[in-house]
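Only one structure is covered here, and it is reproduced in the block below.
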Amino acid sequence: MLIVADENIPLVDAFFAELGEIRRLPGRQITRADVHDADVLLVRSVTKVDRDLLEGSAVRFVGTCTIGTDHLAIDYFQQAGIQWSSAPGCNARGVVDYVLGSLLTLAEIEGADLTQRIYGVIGAGEVGGRLVSVLKGLGFQVLVCDPLREAAEGDGYVSLEQIIERCDVISLHTPLDKTGEHPTWHLFDQQRLNQLKQGAWLINASRGPVIDNNALREVLIQREDLQAVLDVWEAEPQVDVELAELCVLATPHIAGYSLDGKQRGTAQIYQALCDFLGQEAVIKLADLLPAPWLAKVQLSAECDPAWALAMLCRGVYDPRRDDADFRRSLVGNVQEQKLAFDALRKHYPVRREIEGLHVHLEGESMALQQLVKALGGVLVP
């Protein structure tokens, strides 16, 4: 069996070597000729997989090691009898850590109290739903907009207009949809961007075109009260440099790039392929993940919860480093910038997740216990 795989998918050999021959290729450069004789295609979000790529090939299974599926022609797969699978939730925790780090940076710059803000989360799927749980666990006031979940579940959701009107912080976690009942392409256009509350913070770690990047650039120029954090860009790997300069934090689509999340995505696709082949999945992710660099933290029960939140989050991950690396890459011509964008992703440093961090409390503090549990930490003796 021939497996064609994006060269940036981690642990491909460890998971798939026993299933067949592996051919690794740059994700953006996979062609019809490359997949003609392949039985299995493993990709990330940078590879558009459609009829043009697959028609006439031997491919019978497509796996994307990502949450999103907007790069997959699922209707064509169904017509052609091609089995496919994604990795829902694989990087959800990494994105939550990115948002928490961004909030800490914004609060530090503005001298803001995070507990006094109203948070709006748009899209309550694997990532957004996890973020909502963490924010509520921290005691923050959170409003949620998700028309599809609202239709299925009823109460507990608000409209997009209510989010824009009431929220001081808006975090986007929607899929990219141009044609559905609730399209998200340019969900935030110039009109909606101008309707944001005075001093609002806008975070996008979903898909670049959910925000009209040209409109956002113009609105940020006109409204100095607004603050933006962008991890995704409308024309990736090309980036609007002027827009990046206007953002408090700008990063190259790495919000979910924790080591745990990337390897979890590979493990999920391995399981799906084994199911498709009718084989037992014998390789386990737990046997492959290395020990975290920061394994245990000790806190005094006397410490300030706001300080503890910043220390725990930044001790594991601080997005300001990624922002600095990205800004240094925005030089040269457009082609050089595009290559640098992909290089930052390909050679991304090891980053772990807050979830599972062991925390020992010296003394009793209900506030700190709640904080640790909300972050997904583990209280240990």
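Backbone N, Cα and C define each Cβ position, glycine as well.
What TrEMBL records for 28-281 is domain 'D-isomer specific 2-hydroxyacid dehydrogenase catalytic'.
Feature annotation from TrEMBL assigns substrate binding site to SER45, THR66, TYR257. Counting Cβ atoms from all protein chains shown, THR66 (substrate binding site) has 24 others lying within 10 Å of its own Cβ.
Taken as a whole, the domain 'D-isomer specific 2-hydroxyacid dehydrogenase NAD-binding' (108-255) shows an average pLDDT of 97 in this prediction. If you look up TrEMBL, you'll see 108-255 marked as domain 'D-isomer specific 2-hydroxyacid dehydrogenase NAD-binding'.
Applying an 8 A CB threshold to same-chain residues 6+ apart, the list for SER206 (NAD(+) binding site) reads GLY123, VAL127, LEU172, HIS173, THR174, PRO175, LEU176, VAL232. The NAD(+) binding site annotation in TrEMBL covers ASP146, THR174, ALA205, SER206, ARG207, ASP231, GLY256.
A C-beta separation below 8 Å, combined with a sequence spacing of at least six in one chain, links ARG207 (NAD(+) binding site) to GLY68, ASP70, THR174, PRO175, LEU176, THR184, VAL232. Look at TrEMBL and you will find ARG207 (among others) tagged as active site.
Among the features that TrEMBL reports, active site is placed at GLU236 (among others). Following the DSSP three-state reduction, the secondary structure of GLU236 (active site) is coil. In this view, GLU236 (active site) is surrounded by 18 other Cβ atoms within 10 Å of its Cβ, with every protein chain counted.
The Cβ of HIS253 (active site, proton donor) has 23 other Cβ atoms within 10 Å, all protein chains considered. According to TrEMBL, the active site, proton donor annotation covers HIS253.
Annotated domain 'Erythronate-4-phosphate dehydrogenase dimerisation' per TrEMBL: 288-376, in sequence order.
Here the binding residues for NAD(+) are ASP146, THR174, ALA205, SER206, ARG207, ASP231, GLY256. Their largest Cα to Cα distance works out to 21 Å. Rounded to a whole number, the distance between the Cα atoms of ASP231 (NAD(+) binding site) and HIS253 (active site, proton donor) is 5 Å. Assigned with DSSP, the residues of the domain 'D-isomer specific 2-hydroxyacid dehydrogenase NAD-binding' (108-255) fall into helix, strand and coil as follows: 56 helix, 28 strand, 64 coil. Cα separation, GLU236 (active site) to SER45 (substrate binding site), rounded: 11 Å.
When the domain 'Erythronate-4-phosphate dehydrogenase dimerisation' (288-376) is classified with DSSP, helix, strand and coil residues number 46 helix, 10 strand, 33 coil. Secondary structure at GLY256 (NAD(+) binding site), taken from DSSP and collapsed to helix, strand or coil, is coil.
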